[in-house]
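Notes follow the structure.
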Amino acid sequence: MRGFIANSLKPHMRSFALRRSFTSSRILRKVNAVESFGDYNTRISADKVTVVDFYADWCGPCKYLKPFLEKLSEQNQKASFIAVNADKFSDIAQKNGVYALPTMVLFRKGQELDRIVGADVKTLSSLLAKYQE
């Protein structure tokens, strides 16, 4: 099906479709999913600011927030962005006092800097600017 669609597009649209597909996959790699408790600890212990997005697949506001986090990760090269599925890693969520989703927690060197409960992109942007100075 994909080949049929690509072949039926006009040449200039074909390149747009390919470029858009490539760009989306490049951006998606910027918010990395946590694979284990050890992986989580390693990532939040970094010298740079780490934004931890606690989410769940069933959470509507979490889905709304995802593209904004991907865009922020592109714009803030000095910060790292990770995602923790609160259903899969309930122990990590509990350890961090996460009782509402989405919750974003900012860390540096393993220490919590700040926390945002809810899909508040403006506050996250301003906190990133504050802690990256």
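Keep in mind that glycine also has a Cβ here, set from the backbone N, Cα and C atoms.
What Swiss-Prot records for 1-29 is transit peptide.
Taken from Swiss-Prot, the feature domain 'Thioredoxin' covers 30-133, and the record attributes it to sequence analysis.
For CYS62 (disulfide bond), the same-chain residues that are 6 or more apart in sequence and have a Cβ closer than 8 Å to its Cβ are ASP53, TYR55, ALA56, LEU101, PRO102, ALA119. For the recorded site, CYS62 (disulfide bond), the DSSP three-state label reads helix. Annotation comment: Swiss-Prot describes CYS59-CYS62 as disulfide bond.
The Cβ neighbour count for CYS59 (disulfide bond), using a 10 Å radius and every protein chain shown, is 17. Annotation comment: Swiss-Prot describes CYS59 (among others) as active site, nucleophile, evidence class similarity to another entry.
Here Swiss-Prot flags GLY60 (among others) as site 'Contributes to redox potential value', drawing on similarity to another entry. Cβ neighbours of GLY60 (site 'Contributes to redox potential value') (same chain, under 8 Å, six or more residues apart in sequence): none.
Listed in sequence order, the residues of the same chain lying 6 or more apart from PRO61 (site 'Contributes to redox potential value') and placing their CB within less than 8 Å of its CB are LEU101, PRO102, GLY118, ALA119. What Swiss-Prot lists as site 'Contributes to redox potential value' is PRO61 (among others).
Taken from Swiss-Prot, the feature active site, nucleophile covers CYS62 (among others), and the record attributes it to similarity to another entry.
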